[in-house]
Structures are given as C-alpha cells and as structure tokens.
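*Asks:* Would you mind keeping the following structure in view while I ask a few things?
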C-alpha cells in the first residue's frame, strides 16, 4: 500500500469518526429506546421491571366509573393517560415488530418490544368494556400541569373520560382499532389466542368509529386542549388498512377504495395518519393485490412524500443546516422519526419486489432510502453540529434536564417523603442540575430549525420526551442494527 493510499484511508476514517458514523451502536440505542417505555408505565409494575427508580402508581384509575383503567402509559413528561397519542404509539411499535420482528429477535429485543406493546393493548381492551364505549383519557390535564409530582405521589384528580354513541370519537376509536389490529399481527406467532382477542376488539372499534362519526374532542373537551384531532378520515383509512392486513377481509379494502387518499402530506404523526395508510396501500399495489384507480392515488401520494423527504420531490421538506428534517418547533423529532420509519418500511417493500422509486429528482433505489434514514438517526444519536445525542443516556453528551416529572424528582425508593404539588416546582423543577433519575432511551423533542438546543427542564418544546416520539424509532433502529 502506497503512502498516499494510507493517508487517504486515514482521512476517510477520521471523517467517518467525526461524523459519528463509525461509532454509532444502533443495537445499544435500540435497547435503550425500549427501556424508555418501562419508565412511562402507569399501574402495578411487573416483577421483571428493569427501570428500578419507578414504583407503582395510579392503582385506582377507573374506580370512580366501575371500570379497571389501571395500566397503560403516561403520555410524556406529565402524568396523564391520553388515549389518542397512546394508541398511535402502540400502532407504531406494532408496525415495527410486524416489519422488523426478525431483526428485533436477532438483537434479543423482540420480547421487550412485545412487552411494551402488551402494556398498552391490555389497557386498551380494559378501556373498551362495551362495543360502543371507549375510555380515552384518565387524569386531568389542567390540574396535572399545575403540579410537579412524581406519578407515585399524585394528588391530582384521576377522572376518566369516554366516548360512546352519544359522544362519538371516530379518530380515537379508529386509531385504537389500528393499534389493536397491528398488535394482533405482532402477537400472531407467539400468542394466537391473545392475537384473536385483540382483533375482536379492533373490529368492534372500527365498526363504532364508522357508524358513529365525530371528533373525539367534542365528546372529551378536556383532551382537545392537549391533543386536538384535525379530522378522523385518516384514522379510519389507517384502521381499515391494518384490519385488512390482519384479516385479508375485502370489506376493509372496499372501505379504502371509497375513501379520499388524503393527497400529498407534509407530516406523519399522532394526528395525521394518511401517509401510514398510503404506504400500506402502496405495499398492496407492489404485491399485485390491488391495481389501477383509486389505488394509484394512495401510492403516488406516499411516494411524493418520500421523494420530498429525500429532497428529490416537487415540494421538498425543510432541513436544518446540519441535515435534520425540520417540521415543527415543538417536538420535531417525533415527525423526523415517523418519516424515517415509513422510508425504512417502504425500502423493504421495494426491495422485496425489486422496485424503484421514481422521483422528479431522479430514480431512487432501496439502499438510498436506508442511507437517508441512517443520516437522520445518526444526527439524532450525536452526529450533528452540537455533537450531542438527543437520546437520554446514549453517547457521551446528551440532555440531562429532560422535562419529565418522574425523572426530575428523587426516586420514591430513595426518599419516600411525598413531594407536594407545588413543592415539586420549588424543590425539583427549578433546580439547575441534572435529573436524579436517568430517563434512559428517551428521545427529547429535539433541536430547532438551526440545530440549536437548550438543555433546560423549563424548555418543554425541546426537552420533553413522549411515547409517540420513541415509537417509530424502535423499528428504525431494529432495521439499522
């Protein structure tokens, strides 16, 4: 080897190291990303609980209405259980298992992923005590946000709010149907009886959502202040796509055929599921299950979004100077990760059928999609202008002041002295020091459009983690690991 060649190789290695490529351990990030869900658990913790600084909490949820609503997940840095984003979280975790279950198993994380899903699906089935009744929120957002308490100490009301025939919520029922249908596929191989139970609930909820149309925040105004839904047509298409994938039943493709595919979207999130439905329909086209119109609209719209992500479309999405897709100032990483997931899933579908993506900016092959996904994940894990990871506990530099009640207050196992509603603000929220409990694996909201980030507990737009942000990341990391 010549001196020049050696010099060139050293230079390339240094560039890779500088950009973090050589040092990214996707397997470690995958393990941590699932640990986050154990920190978010509500209810009676199981014997195999790994996040030891947490304790049992909210053990009387649902008591006032005579329904067992113990369990499920706290939404973000607060102590409320919001069913709408929780259902999206479970749908995305399940999609990750459905597409990348073999890779999760290879990394010994499949059982942890299924445990994370089951913690949500057990709760949803309890929250659905009758065909046309679904409890959608437990807790009171207003009073909860006035307090800074760990979940084990909560003194705020645990009111349960539901949708029913008189107060419908097609978006909430539809998303929960999608979650249960997707989870039924995830559990098919390991627990067929449980899978069937999930599917039965999913079918009932879909029928309820279709037969009693309405926005859930009209029935549960308390939820609308925090997670207002922009419409329910997307959730119904998304649920139909998942129910078709779970059952093969033509009634669900008939429903999709009648629906409006939603046009080209610019986000995929807890509120807007059109891209998810479009990608699942595009899969059916690639497989030859459906063809022609109206199906081509779904596929064309999905591919326009993917091309725009890749900067090869006719309306390319914004990127930060450091290369991160940028959507919104509040919790941008949720939108980045959901976009990365559909790119990863679509790459798999294309690969299986030897297809390519026809963008205005050129023809794209599956590996190019994966490289773009990798660029986004690498940015999030530390290859960015600030040289910091946005996953708590990953890498040498990461956020230490996540906006998260449980993490920011001393563990009840270390100091069982109750922390009062306002006392938590004085003693812990305003404290300019790292959180005492490591919220391992949590993705914070993320940087701003100029790659800036301020690590302050009070900076909730950037520093608050959420279950919906981590959910697509799990599948993406499994694909890369």
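We number each residue from 1, going along the chain as drawn.
Cβ from N, Cα, C; glycine included.
Pasting the relevant annotations from TrEMBL:
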type	residues	note
SIGNAL	1-23	signal peptide
DOMAIN	26-477	domain 'Glycoside hydrolase family 9'
ACT_SITE	403	active site
ACT_SITE	455	active site
ACT_SITE	464	active site
*Asks:* Across all the protein chains here, work out how many other Cβ atoms are within 10 Å of the Cβ of residue 403 (active site).
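*Replies:* Neighbour count, Cβ to Cβ under the 10 Å cut-off: 24.
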*Asks:* What's the CA-CA gap between residue 403 (active site) and residue 464 (active site) in angstrom, rounded?
*Replies:* 5
*Asks:* Average pLDDT across the domain 'Glycoside hydrolase family 9' (26-477)?
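*Replies:* Per the prediction, mean pLDDT sits at 98 for the domain 'Glycoside hydrolase family 9' (26-477).
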*Asks:* Could you give the Cα-Cα distance between residue 464 (active site) and residue 455 (active site), in whole Å?
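*Replies:* Just about 10 Å between their Cα atoms.
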*Asks:* Identify, in sequence order, the residues in the chain of residue 455 (active site) that are 6 or more apart from it along the sequence and have a CB within less than 8 Å of its CB; answer 'none' if there are none.
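*Replies:* In sequence order, 399, 400, 401, 463 meet the Cβ cut-off.
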